[in-house]
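*Asks:* The structure under discussion is supplied below as structure tokens; questions concerning it will follow.
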Amino acid sequence: MAKEAFLRKKPHINVGTIGHVDHGKTTLTSAITYVLAKKGLAQKMAYDQIDKAPEEKERGITINTAHVEYESDKRHYAHVDCPGHADYIKNMITGAAQMDGAILVVSAADGPMPQTREHILLARQVGVPYIVVFLNKVDMVDDKELLELVELEVRELLNQYGFPGDKIPIIKGSALKALEGDPEYEKNILELVEAMDNYIPIPERPKDQPFLMPIEDVFNIEGRGTVVTGRVERGTLKRMEEVEIVGIRPTTKTVVTDIEMFRKTLDTAEAGDNVGLLLRGIKKDDVERGQVVAKPGTITPHHKFNAQVYVLKKEEGGRHTAFFNGYRPQFFFRTTDVTGTVTLKEGVEMVMPGDNVEFMVELISPIAMEKSMRFAIREGGKTVGAGVVTEIIE
């Protein structure tokens with residue numbers, strides 16, 4: 001029992017497999033669990049256990065995702081694998097599975113294919129910070145020069161999309177052979193895990209980031225003043241600290257004179273806490289749902305941005321028809337809807353349900369915004385799309 005408690009001390013990292021259909025993403029995921037299970041660091045997961053991923057809902061969108069856990073000597077990994085290409089797009093855009101790093105699987109027999117490109121581009125757009133490459137099926141390639149060519153091609157492709165292609169670790173192997181227990185190929189799986197350990201840094205924990213709390217409700221407490229409530233998204237806050245209220249209206253500064261949780265006073269609020277903050281000198285009408293309380297100078301309001309968006313199919317509860325330039329839905333950021341106008345890219349006539357598309361949005365009021373932030377697109381309270389901010393314009 002004591003051993004179990006000790007294991008939880010390892011730092012936690014979220015990863016996932018990406019790459020073209022049939023290049024071996026799920027086989028690799030399974031192989032990692034098989035090889036690490038021999039060292040007592042994972043539970044074996046067979047290919048079909050992973051492939052029959054259960055459906056999940058994220059922001060009103062149904063996604064099939066398999067979640068696998070394993071450990072290296074240094075770390076604890078949560079690994080996501082999606083059966084279908086559309087699931088990947090939805091997963092990456094909604095941030096259902098936020099990745100600290102991705103394992104790009106490329107078949108050595110085929111080289112990079114269209115979805116290889118699409119997944120690298122998506123990783124860049126949604127802010128996946130690190131990629132390691134597993135060059136799979138090398139047992140099917142006899143020609144060493146051909147292998148080198150494929151490796152060069154992959155590095156070139158990564159460079160094209162703004163990843164450091166020359167520095168990224170590329171591990172060659174065969175997931176299937178490793179699954180079959182071939183010791184030579186099992187070694188490659190351990191090399192891959194080692195590359196992940198060394199190349200993907202441990203992310204900064206939400207607690208260590210600058211304080212931010214989206215406002216969900218505003219109350220007036222007789223004789224005390226205005227209280228805003230919400231769930232702390234990141235960072236920590238102490239009583240009597242100065243904060244900014246950002247978004248929708250001009251930014252204002254105030255001091256948090258009291259922090260309450262479950263009707264008790266707290267000295268410090270931290271990421272994950274549901275709290276009420278008493279704000280000095282702020283009237284109930286000065287603040288509203290949709291604004292954020294943040295550490296001064298750490299987040300700014302914006303109204304114009306580029307986004308990568310997945311538009312729901314009719315079967316997913318989305319629109320039944322295409323939309324055109326000038327489309328004006330609601331954009332749901334954190335806790336509130338803001339109306340915005342869509343400008344499609346040059347040469348794009350319309351957007352169909354089921355499309356994965358990039359366009360510009362101009363909101364009618366500014367929102368506290370950061371690159372890689374997620375949002376939903378809604379019409380009359382119904383989700384019709386999911387998006388991520390790829391670039392802030394103004």
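In case you wondered, yes, glycine gets a Cβ from its N, Cα and C as well.
Straight out of Swiss-Prot:
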- 19-26, 81-85, 136-139: GTP binding site (BINDING)
- THR26: Mg(2+) binding site (BINDING)
- 10-204: domain 'tr-type G' (DOMAIN)
- 19-26: region 'G1' (REGION)
- 60-64: region 'G2' (REGION)
- 81-84: region 'G3' (REGION)
*Asks:* For THR26 (Mg(2+) binding site) and CYS82 (GTP binding site), what Cα-Cα distance in Å is obtained after rounding to a whole number?
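*Replies:* Cα-Cα distance, THR26 (Mg(2+) binding site) to CYS82 (GTP binding site): 8 Å.
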*Asks:* Give the residue counts of the region 'G2' (60-64) per reduced DSSP state, in the order helix, strand, coil.
*Replies:* 0 helix, 4 strand, 1 coil
*Asks:* Sort the residues of the region 'G3' (81-84) into helix, strand and coil with DSSP and give the three counts.
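*Replies:* The region 'G3' (81-84) comes out at 0 helix, 1 strand, 3 coil.
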*Asks:* Sort the residues of the region 'G1' (19-26) into helix, strand and coil with DSSP and give the three counts.
*Replies:* 2 helix, 1 strand, 5 coil
*Asks:* Among the binding-site residues listed here (CYS82, VAL138), identify the one with the smallest other-Cβ count within 10 Å.
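*Replies:* Per-residue Cβ counts within 10 Å for the binding-site residues CYS82, VAL138 bottom out at VAL138.
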*Asks:* Which residues of the same chain, at least 6 positions away in sequence, have a Cβ lying under 8 Å from the Cβ of LYS25 (GTP binding site)?
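*Replies:* Within the chain, LYS25 (GTP binding site) has Cβ neighbours under 8 Å at THR17, ILE18, GLY19, ASP81, VAL105.
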*Asks:* Any idea what the model's mean pLDDT is for the region 'G2' (60-64)?
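*Replies:* Summarising the region 'G2' (60-64) by its mean pLDDT gives 83.
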*Asks:* Validating a neighbour-count step here. Other CB atoms within 10 A of the CB of HIS85 (GTP binding site): how many?
*Replies:* 15
*Asks:* Tally every other Cβ atom lying within 10 Å of the Cβ atom of the residue listed as 'Mg(2+) binding site'.
*Replies:* 24
